[in-house]
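These notes concern the structure reproduced below.
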Amino acid sequence: MTAAHKLTYGQRAARFTNPAAKALLETMERKKSNLSVSVDVVKSADLLAIVDTVGPYICLIKTHVDVVEDFDSSLVTKLQALAEKHDFLIFEDRKFADIGNTVALQYSSGVHKIASWSHITNAHPVPGPSIISGLASVGQPLGRGLLLLAEMSTKGSLATGAYTEAAVQMARENRGFVIGFIAQRRMDGIGAPPGVNVEDEDFLVLTPGVGLDVKGDGMGQQYRTPKQVVQEDGCDVIIVGRGIYGKDPSKVEEIRRQAERYQAAGWAAYIERVNALV
């Protein structure tokens, strides 16, 4: 069977049973975009303004609603309206990291009620398989998808080696809900026990630390280009934040220009990858 990264996003959509994964891949194919914009701002108005500006160019918006100082339920309603308007999915970057019962409550309840509106979320595999079963008990009936943090883009990250292998094996055992990884390269086949057939494995790989202009941010973040991430390392979605919206969310035209620029670069890298493997 053809390896996942040799297929188009549209072809891969047909291989997934998880609704969130299927919807994301179909959106990527339809919009010709593998760009996710990470919006880390503290005011609702700024978040919504940035999302409305980048919406036409993205497949996925990544949020951290716990940093929004004036959060209320109306923000979620407005964010969902923008997702409908611009045809993208929502990924709340919650990075759950507790026991199953606790994460189930964090996912379903509290102020943010993440499962009710976020198509995709993520978790650290540190607690073991119970974190997946806890989140799945809430998210799977709603058609949500989970990403595991198998690798990180920060200097000195401990998510390497046996840790990464264990994360992939946990995903392999929970394919109905775990749709892929936050990682820096393809994870298909990594850490597979002897005798396990991994030829048809297909995990989505979403990759932060993507930049066209800088190599780092002075706080440990390391950047690679879309060509390196998508074409060379086979990742699926590039995650870009400050490289698009900078420090001033009011600069709408510059934000739009950067979003269009990253969309084009990410898609070109994907086309090169697929064409090179035909």
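Cβ atoms here come from the backbone N, Cα and C positions, even for glycine.
The structure displayed is predicted, hence computed values, not measured ones.
In Swiss-Prot this protein carries:
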type     : residues                             : note
BINDING  : ASP40, 62-64, 93-102, TYR223, ARG242 : substrate binding site
ACT_SITE : LYS95                                : active site, proton donor
Near ASN101 (substrate binding site), how many other Cβ atoms are within 10 Å of its Cβ?
11
Just name the most isolated of the binding-site residues ASP40, ASP93, going by other Cβ atoms within 10 Å of its Cβ.
ASP40
For LYS95 (substrate binding site), what is the secondary structure state per DSSP, taken as helix, strand or coil?
strand
TYR223 (substrate binding site) - helix vs strand vs coil (DSSP):
coil
When DSSP states are folded down to helix, strand and coil, where does THR63 (substrate binding site) land?
strand
